[in-house]
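Asks: Pasting a structure below so you can have a look.
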Ligand SMILES: [Zn+2]
């Protein structure tokens, strides 16, 4: 961008250019020391979002020198790689690759934070507590938009596409420039009043454009240039953050700006503008820094990063790819070198004792040497014979763990880490309860880690949870598997590994996750020692290019830190195992998704759900859950403490599927309907399930519920009249207020239905009119059978009969008598008094209006009682 004289009269720099490039070539940047006057509070420490010193003049020479160095180095390593390949079989190896990343400046070896990550600017106005990013994307699927969302989600930054915000992001800055003046002024006023900044991306263009004026700004835009190096400039209203190459002939030697900080001198709004997209790793860091800067620090990431590297398979590897004494020495040396960069660095070794001394003589010497240096590492029990836990009973699991523990005791390996890893993540998630039991009993395990929750991919969505007091932490992938042993055999070649280290996937894993646990294997430390190369390289790269402070702590502390940082992740969300091929592979053979319900009757209470349950259970193809000792016919899994017992517990309420099973399992828990967490949990475990909701006039439901509670001797219901309950105020006793809520809240049908419909499509939900179920159950049950798609069709006409004495339909028995619901159902109590009825009618009016609108919108039939209520 080219500077202009701003109308406000403040001078702007003469040489500011914003580059809008196509895909920029990814050059190895060269590091610079942080200039004086700059507070390095941000992720990236090589460029400045604040005051900066003059830039150095010798950048071109340095790039050339660097390029030559890299070329020489690559040649050298290539020839070494070749020689190691030739000598694999003889076990006489060439030199493994070394962490060869060169950092021209000093590697940042300070372990303390350079500066607290505090708001850079004070503000008069206050945003609400939980600031979000407001994001404007081009379309739902546009590319940079998706990339922005990926970064925000990976870093757990909340965003919304519309509402109050900490930062506003435009995927296409031109959209912002094109907003009509009235709306633009509204948005700008909001930004100014709340001190909220704006991030904009200039769309990449194919055609070259020179010096087009940016609408409404004293800036000129050049497009279609390549990414150059990164540098700093003097302080103006437009501060360059990153530079582009002047590859076109008519440009002189000067460089152009690729991303720019607009400090708001022109119109009072701070902006960071990016040329191009987020493909280059540096842009991703700059984007996170921009969000932090422009939200005045309200949306900021900590600069602390914890890394733990597990070597899971100590003693587990084939002959020929295990560690020799040289490899063990290299591991120890590497550990010492890493301590310069990450204080107290230790590798975390997981052993399977059964395979001790299972290699060639020089490898067996390596095994012994590891144990001679037992104090140098952290240790944890992997599994005696590396068996997958989900295939074992608890007894066998305990036996295997005992053997490994005895091995540990015999070799002075510590047994108190509280950490363990299951081979192939088996049994951790989906949960195999015997593993958790055996872990607790034999090893007192308190923390583990897995790649599988909620799924292996996408990796950025991996999260933690706590089950039965064992913390399950997410692990990240570093690209080293048991078979990645030689650099020249690395999938995609060495270049793939190096690009992952130099700003790619591995680098970003550490940047995006405050806590990263990486899994490696014994074979990654023998042979070409790829793990040493990988971790030394990535840690040096991070130290060279960022302000991140790297730490490591033992797993137990790491677990406590994790759930302190992310308390919302404590509660698990149990997923449907059969939607994930990998989950199926590590789920016990005797378990089956056929043992999960196909539909749920979700309530609410006192709308006829018990009658419905009885009628459904009459159907030969429909099978209800087994009764619960605590909650009788209802399982009540998704709404309370039972949820933490896990899905094995839940599945035990349903029969093991028979071979020719076409049975429809279902359960009814009438309090699911209004439970805050329930729709999300049901969606996760039973994504295909149908949902059956029954509704009657809400005031009638409230009244019936109150009498139900009295009939069950609820002390509060017995103590207060219905009028006292429904008119209870905030000053009343807690028990009374609680009773009031349970009495009134479920009747806000529209509100709860909307929550279910946030998670389920309308086609999976059926609404039954409880009044109609009472007056014409045959019609309702036929309709429901069709909705559920149940075969064979059951003729309820022959099986339901009106019982005059009871006043409702009952089941016809084989002796042609009627069998009706128990004493509690169809209870008789005095009618509601008129003033309460009037009060409730007014109270529910807005919810009923909303319900009618919702049903009409969804093209559901509107119950007759609702039409009457609204007349
Ligand atoms: Zn393993």
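Using N, Cα and C of the backbone, Cβ positions are placed for all residues, glycine too.
Below are the features listed in TrEMBL for this protein:
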- 606: active site, for sulfotransferase activity (ACT_SITE)
- 704, 825, 826, 827, 828, 829: 3'-phosphoadenylyl sulfate binding site (BINDING)
- 810-820: disulfide bond (DISULFID)
- 130-236: domain 'Heparan sulfate-N-deacetylase N-terminal' (DOMAIN)
- 238-294: domain 'Heparan sulfate-N-deacetylase N-terminal' (DOMAIN)
- 304-507: domain 'Heparan sulphate-N-deacetylase deacetylase' (DOMAIN)
- 597-845: domain 'Sulfotransferase' (DOMAIN)
- 106-125: region 'Disordered' (REGION)
- 63-81: transmembrane segment (TRANSMEM)
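Could you tell me the structural context for the features on the list?
Replies: The Cβ neighbour count for residue 606 (active site, for sulfotransferase activity), using a 10 Å radius and every protein chain shown, is 24. DSSP assigns residue 606 (active site, for sulfotransferase activity) to coil in the three-state reduction, outside any helix or strand.
For the recorded site, residue 829 (3'-phosphoadenylyl sulfate binding site), the DSSP three-state label reads coil. Taking a C-beta cut-off of under 8 Å and a sequence gap of six or more, residue 829 (3'-phosphoadenylyl sulfate binding site) has these contacts in its own chain: 707.
DSSP assigns residue 810 (disulfide bond) to a strand in the three-state reduction. The C-beta environment of residue 810 (disulfide bond), restricted to residues of the same chain at least 6 apart in sequence and closer than 8 Å, consists of 800, 801, 802, 803, 818, 819, 820, 821.
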Asks: Could you tell me how many residues in the domain 'Heparan sulfate-N-deacetylase N-terminal' (130-236) are helical, how many are strand and how many are coil under DSSP?
Replies: 32 helix, 27 strand, 48 coil
Asks: By a simple count of other Cβ atoms within 10 Å, which of 820, 828, the recorded positions in the record, is least packed?
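Replies: It is 828 that, of the recorded positions 820, 828, has the fewest other Cβ atoms within 10 Å.
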Asks: Across the domain 'Heparan sulfate-N-deacetylase N-terminal' (130-236), what does the mean pLDDT come to, as a whole number?
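Replies: Mean pLDDT for the domain 'Heparan sulfate-N-deacetylase N-terminal' (130-236): 80.
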Asks: Between the Cα atoms of residue 828 (3'-phosphoadenylyl sulfate binding site) and residue 606 (active site, for sulfotransferase activity), what distance do you get, rounded to the nearest Å?
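Replies: Counting only the Cα atoms, the answer is 14 Å.
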Asks: At a 10 Å cut-off from the C-beta of residue 704 (3'-phosphoadenylyl sulfate binding site), count the other C-beta atoms across all protein chains.
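Replies: Other Cβ atoms found within 10 Å: 20.
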Asks: For residue 704 (3'-phosphoadenylyl sulfate binding site) and residue 606 (active site, for sulfotransferase activity), what Cα-Cα distance in Å is obtained after rounding to a whole number?
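Replies: Their Cα atoms are separated by 7 Å.
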